[in-house]
Amino acid sequence: MEYERRGGRGDRTGRYGATDRSQDDGGENRSRDHDYRDMDYRSYPREYGSQEGKHDYDDSSEEQSAEDSYEASPGSETQRRRRRRHRHSPTGPPGFPRDGDYRDQDYRTEQGEEEEEEEDEEEEEKASNIVMLRMLPQAATEDDIRGQLQSHGVQAREVRLMRNKSSGQSRGFAFVEFSHLQDATRWMEANQHSLNILGQKVSMHYSDPKPKINEDWLCNKCGVQNFKRREKCFKCGVPKSEAEQKLPLGTRLDQQTLPLGGRELSQGLLPLPQPYQAQGVLASQALSQGSEPSSENANDTIILRNLNPHSTMDSILGALAPYAVLSSSNVRVIKDKQTQLNRGFAFIQLSTIVEAAQLLQILQALHPPLTIDGKTINVEFAKGSKRDMASNEGSRISAASVASTAIAAAQWAISQASQGGEGTWATSEEPPVDYSYYQQDEGYGNSQGTESSLYAHGYLKGTKGPGITGTKGDPTGAGPEASLEPGADSVSMQAFSRAQPGAAPGIYQQSAEASSSQGTAANSQSYTIMSPAVLKSELQSPTHPSSALPPATSPTAQESYSQYPVPDVSTYQYDETSGYYYDPQTGLYYDPNSQYYYNAQSQQYLYWDGERRTYVPALEQSADGHKETGAPSKEGKEKKEKHKTKTAQQIAKDMERWARSLNKQKENFKNSFQPISSLRDDERRESATADAGYAILEKKGALAERQHTSMDLPKLASDDRPSPPRGLVAAYSGESDSEEEQERGGPEREEKLTDWQKLACLLCRRQFPSKEALIRHQQLSGLHKQNLEIHRRAHLSENELEALEKNDMEQMKYRDRAAERREKYGIPEPPEPKRRKYGGISTASVDFEQPTRDGLGSDNIGSRMLQAMGWKEGSGLGRKKQGIVTPIEAQTRVRGSGLGARGSSYGVTSTESYKETLHKTMVTRFNEAQ
């Protein structure tokens, strides 16, 4: 049965060709009543088109606002075909008005046309594993859809009903996602593209997801994924036209397969272990010469991008389980506050940078890439906040160094584990790679302390064995060596066949079992040991048989430095007796506080030079500095000595003032004093490690003055000369008799605590690069002030100490200076009263609050004014003296108000006292009662 189109509101007003339609419509159509049984007033989403194009809607216009994972395309083939067919029709699609008024329209179409459309949809729709259900009832839920799936024996991966965000009501369509395309196709064919849910027919369509490659683009320079509207890369700033790279979604530039023998590795990264090399994949990012290293933002946190909005914590942990042991405390999924769905990224925080770098390298080396819930994951280092980026340049350099070496350490650990854990270095035909840029001169390990020094070491690949610097085929390691700095001074090196260092008191001695446990490489190949300088004779150890170690030569014997592998802190062994860490590869002892190495054989302190890749004695740079300065002239010496004496006196005065202020404090005086005889021998030893530790702290104040400065300090020789007279520290008191003696003996004693030639403070055991730094240390350092006070108290006798403590206790008490001043000068006489200018005025004091208590006198201003007009005292006012004689007195207001209130007062005035007022009140009440 064919239904005629009824005119809408626009047709009645003649908006869209009402005149033409009046010729087709008969009179009975205009007079026909509405048959509401044939009408469908449901407000489900529908599509309609108009010639103007301003009312073209499709299903995706309502789906895209709430859909996050299933982004339907705005124009599918079926919808475009329908639009073309509707445009060719002269009157538009049957059953749809042109003006948008569809309250009294019939939405049913002919059966033949509907079947034709269904056939076209079946032919033109592209199969997908996501099925869209349209025309759902308002009361339908996800459970109803799952019930339909279970009735057909189909297991769906996810069912999502689209709802209005504000009201929460169903929008009439839903999505069903299947794990496989075959399941979705089988379900569509079994139901003939329609379902019956809650007694209503529901249409089924394949979802046409929007290709995301048209939305985002990848930068072929840095590999960062950018938004579609971004015209240039937000990381490297390359324009989109130059840097756009058509790659599948989720594919990263650093995940492309490179040839196994490729040399284009990112600086600071080592090849992956053998299992990944077998697959032909190198986990390194190909960076251009101008690009920044990938370790710039390295930290202990990894970010996972391009996550499915419905991915949960369990799915992420399950996907990462084969690569790392993580818990829910390590993973943080960022969710939307309104929808409670994740925003497409998550963070993984590990305990150290090494673990994070290791996991990052593994995940980026996967082929195919990591996939979670059907989406390819992009893995990168997480960037810090803006306030973290605002750090100074020195800390950034140090952080970059630690991050680079951490990545190298992670890769080296993987490679060592894959090779069986024999502890041998990997042999290779390619030349050794230079990683000396890890060791920054000023930033290396200065601000990170002990923890950073554990990781801030590079790992060298390509050498024949640990510590081997010779050419291939030369087992003795005596082959030609290339120096990194041809013009640099040489340091003596000597190779020996077995590492068997001698032991000193408190120094670790390697046993024969420990030597043999290092593998066969330690026996067949040689180590290279530095010959450091002697710093202190007290550190000399008892002689032990050490014939395997030849005597060291002078530092100027060679012109090139022997190169060593970068120290591996993880292989060090802790020695409880000395407190140092023993390096079994080089036989040196490592101090983590100062980062110095100690050679027990030559009793020298060494430090690691990253540029030369060798161990340099601590005295080398200071000796060079003295050679360059040369011998000063005679006039320069005199000026220097004069300036030195003047500076010492100023420092002595400053320390004297500080000592006086220190006497006011009671705390830690007894604990700070320790006799010299009670100190242990090891506490009295001078150590260059303290110099390096203080240089790290001193670096913040004078960074420019401390470049390439050796932290050398000779020992304090015992002085056999008689000590100067001992006296008390000058106290803050004008009655101290020993103040003058202390002023004479103090500067001479303190002058001996400073070595102006070597620019060292012998009291604090510190050496400085310039005289200004030494003076600043003596004036401002709290450590120097504390050591100076301890040094002064150490030279006092017991009686002097008791007197000093007694004086300190007296100083801690309250001192009544006013009483002392009164006793000394007496009590001053009170000042004389001031003389008044006018003697005629009575000096009697008048209470300003009660001036008329005794009555009005004749000296007031009112009386004088009346007398000026002819009035005399005692007469009445007026022309004929008929007025009042006595002045009007002020009376208290009537107490009380309303009915029953007395009409008179008790005769009490405001000038009466409380006692007089009470007396008058009692008398008045008594009289009234009678």
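Backbone N, Cα and C atoms are what each Cβ position is placed from, and that goes for glycine too.
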Zinc finger range according to Swiss-Prot, out of 265-290, 577-602, 759-784: 759-784
Candidate annotated in Swiss-Prot as phosphoserine, out of S291, S710, S736: S736
Matching range for Swiss-Prot feature annotation, zinc finger, among 181-211, 212-242, 305-335: 212-242
Swiss-Prot annotation, phosphoserine - which of S541, S723: S723
Listed residues S415, S733, S904, with the one flagged phosphoserine by Swiss-Prot: S733
Annotation match for omega-N-methylarginine in Swiss-Prot, from R15, R21, R685, R902: R902
C-beta crowding around K383 (N6-acetyllysine), within 10 angstroms: 14
For the zinc finger (212-242), residues assigned helix / strand / coil by DSSP: 6 helix, 7 strand, 18 coil
